[in-house]
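Q: One structure follows; several queries about it will come next.
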Amino acid sequence: MLRLWRYLCLLLTVWFLCNFGPVYVVRAQNRTGATTHPDEALALNSIFAAWRIRAPREWNISGELCSGAAIDASVLDSNPAYNPLIKCDCSFENSTICRITNIKVYAMEVVGSIPQQLWTLEYLTNLNLGQNVLTGSLPPALGNLTRMRWMTFGINALSGPIPKEIGLLTDLRLLSISSNNFSGSIPDEIGRCTKLQQIYIDSSGLSGGLPVSFANLVELEQAWIADMELTGQIPDFIGDWTKLTTLRILGTGLSGPIPASFSNLTSLTELRLGDISNGNSSLEFIKDMKSLSILVLRNNNLTGTIPSNIGEYSSLRQLDLSFNKLHGTIPASLFNLRQLTHLFLGNNTLNGSLPTQKGQSLSNVDVSYNDLSGSLPSWVSLPNLNLNLVANNFTLEGLDNRVLSGLNCLQKNFPCNRGKGIYSDFSINCGGPEIRSVTEAVFEREDEDLGPASFVVSAGQRWAASSVGLFAGSSNNIYISTSQSQFVNTLDSELFQSARLSASSLRYYGLGLENGGYTVTLQFAEIQILGSTSNTWRGLGRRRFDIYVQGRLVEKDFDVRRTAGDSTVRAVQREYKANVSQNHLEIHLFWAGKGTCCIPIQGAYGPLISAVGATPDFTPTVGNRPPSKGKSMTGTIVGVIVGVGLLSIISGVVIFIIRKRRKRYTDDEEILSMDVKPYTFTYSELKSATQDFDPSNKLGEGGFGPVYKGKLNDGREVAVKLLSVGSRQGKGQFVAEIVAISAVQHRNLVKLYGCCYEGEHRLLVYEYLPNGSLDQALFGEKTLHLDWSTRYEICLGVARGLVYLHEEARLRIVHRDVKASNILLDSKLVPKVSDFGLAKLYDDKKTHISTRVAGTIGYLAPEYAMRGHLTEKTDVYAFGVVALELVSGRPNSDENLEDEKRYLLEWAWNLHEKGREVELIDHQLTEFNMEEGKRMIGIALLCTQTSHALRPPMSRVVAMLSGDVEVSDVTSKPGYLTDWRFDDTTASSISGFPLRNTQASESFTSFVAPRSEISPRNNDARPMLGAQMNEGR
């Protein structure tokens, strides 16, 4: 009996420690009786009450502010799981009193002024109030915080002058006042803060000159001085900041020349110096900066030549010397720098030819608008290369038309149709598909994947576009922005739901225009930065750029949102007069360093435009159509008569053959009858590209058949999907996939290069995406690291692709098999939805389609799995599952986990009910955005609701992910599959609803079930596609 009692006592002790251990330990940390100083406790409670935020239980245990995480040295300020957060020092008055030393209220959408009580917390050493909507001014009482070391007010709406009392904070190491609305000059007193290591005053609103007292800031390691209205020359004393590793001076109004003292800054790894007026400088000052990895010296009136020793800068990854006055030849050693990936030399007067060799890492090259000549080296045809060679004098004879297509029209003086105008207008939907406006004007599509150094020429050589620039600090450069907003002052909202972005310079050209006067119409809508009335820090951004028409500056520091009355739902139209005298028209949008850099994301700046057009101010005399290949009307008539006769004879023969083989080639006929026919490859071409389908080139095996990597004669790497011989289902999918994907073109949909239907051979040829599929990245060997921001962008990209399929494409399409293995990643980790073999064209006038069930277990919506009830909400459900997989880094089902975690959707719901959603986030992520994580989980649960009517359309999903609208509350349990058990060969009994699968995502089991209702007692549905490992890579 005594032994039993001891056993029960032991169990009770273990239970007590498991449940109350953490609290007990925290209280043990305060055994001395140390408590928060009552004045500070009152002040902090007043501050939080004014800001309508609460002190969380992690550091406010039983009402004691300085407890838990607040006194736990292992909890760092940078930990996103703790926000808001305070830290305390409890060593005062014989360890009986705690003083508040740190306050973090970061990106919490706090609105209002800073309460006066904050300035009474004199023991503060670290204050982080960044990314809120704080208003009002900073008072002189700021000088009370003399112990302050790190002070951040960046990205708020603070105004008024900076008080001179800031000079009393002599222990300050970091000062961030960037992206605010301050006024007045930069206080001289900041120069007293001689221990400063980091200073960020970009976009702060301050003006005047850089104070002479800044010469004392010799401990500086990082300095951002950009987007300001400063006066005077760049001061010499910056050359004394010899500990600098990062320096940004962009769009400040400071004039040159660049001081020779800059040559002392040999510790720099990143130098961004741009938009300096007056004064000519050479590149002599960089001669000893051999540690640089990023060197941007854009638009600075630089003269002279590129240093011959540039090949010694072995750490250089990005070099931008564009928009200067450099001359001479390009050193061959520059193109062979091993680390260099981005090179911008455009808009200089460089001559000679391109180097004959190029380093493997160099994938983005801009040499546009120079005096380069000669033949192009062989490397220009390499795949995965962004190359802008516009406006030079290259010899292009013998160049394959598929390589740098249209470049002949964009050489110096724009020679195509020069002297014989054939067009009298053009209209372009920038960044979007072809659109017909309410006035019946056709805006041609311009949704090419223009990268950091790119150009495109339209099929009829009517217009062209050229873009250069790399967004600073952005891990995933995006050059098209999309939105589902409806705009209140136009009947053509669709025209403004996409926009072309550029990080530096964006040009549109009208080619072959009849000479005369034109009205140029530019249309804009700010769809990336929210309105400033949105009560979120994401609405505090400012975009500004310059506009030139025919070389004439027509807008300086143009701000789309401000012009629209600070509205993001109003479109803006601008009209300018231009004269065309040499058959071409140029519209140039140029970023001159102005605007905020990082709101709502890193790299949200530079030109943005929705549509471009030009119409004549005269009566045209040209046909406004591409030139006819015929030489004379007589020849045309004779040709037609002869052609009709021959066609009649041939038609009879063809009809006879077709009728004879109709049953055999029904899929060929479907392809031939398509409006937009895919490019047709010969079987021998694809055999050669894949080295006769060599097993070493095999990427995977799917239900459709094997997939091979290949290389075409033009150098393009492709993925070739080969239809399994004799597969009737495969032939149906072959046609379905061609019909579906040929009807759509989008940045987030895999690109079909063409197909082969020669004899019994059926092959599809896709762009090759080197980073494989999302499931491999998430659940594979983890050779590809996806950080949080990348996962979020992948989620947003997939959502945008589905919006296009459901709502924007000419043919509405339900994919039916959205899953992690059907989302491929390109070299920049941009997601592409692939594998349209199960896609259904969808009539949006119908409420749903009844069809046989096809898809992958684990991603199937309940109404579709149970009743074959198909709508676009079927894809929404599958997207929700993929979103959860992205958040958690695990498949939707895993038999190796404990029961409560085995099924991802069920586990997510249980955590949501307990308010512990954050536990779902992948523990392998060292950093993540808490707000985005909760948002993504909430959206995923909305997308997987049992009733399809409760699931949001994908356009609303994009708006919620983008932060344009709030995430709706999840009010009911999602429709996860609870009792429907499947295996690789049969879908067995259904004993209830909702449903849950038992197969892990990594098995990628797809199945096809009969169209009719599936019987719960006698279900003979069988997986007919089999395992789709690495499908479509």
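Even glycines carry a Cβ here, placed using N, Cα and C.
These figures come from a predicted structure and were not determined experimentally.
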Q: Annotation N-linked glycosylation site per Swiss-Prot: which of the candidates N393, N771 has it?
A: N393
Q: Which one of these stretches, 616-637, 682-703, 1012-1033, shows up in Swiss-Prot as region 'Disordered'?
A: 1012-1033
Q: For N301 (N-linked glycosylation site), what is the tally of other C-beta atoms lying within 10 angstroms of its C-beta?
A: 17
Q: State the three-class DSSP label for N393 (N-linked glycosylation site), counting H, G and I as helix, E and B as strand, and everything else as coil.
A: strand
Q: Could you pull the average pLDDT for the repeat 'LRR 6' (241-264)?
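A: Result for the repeat 'LRR 6' (241-264): average pLDDT 96.
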Q: At the level of the C-alpha atoms, what whole-angstrom distance separates N301 (N-linked glycosylation site) and N280 (N-linked glycosylation site)?
A: 5
Q: Report the same-chain neighbours of N60 (N-linked glycosylation site): residues 6+ apart in sequence with Cβ closer than 8 Å to its Cβ, ordered by sequence.
A: S67, G68, A70
Q: Which secondary structure state does DSSP assign to N94 (N-linked glycosylation site), in the simple three-class scheme?
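A: The three-state answer is helix.
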Q: Per DSSP, what is the residue tally for the repeat 'LRR 6' (241-264) in helix, strand and coil?
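A: So the counts come to 5 helix, 6 strand, 13 coil.
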Q: Within a 10 Å radius of its Cβ, which of these recorded positions (N280, S821) has the fewest neighbouring Cβ atoms?
A: N280
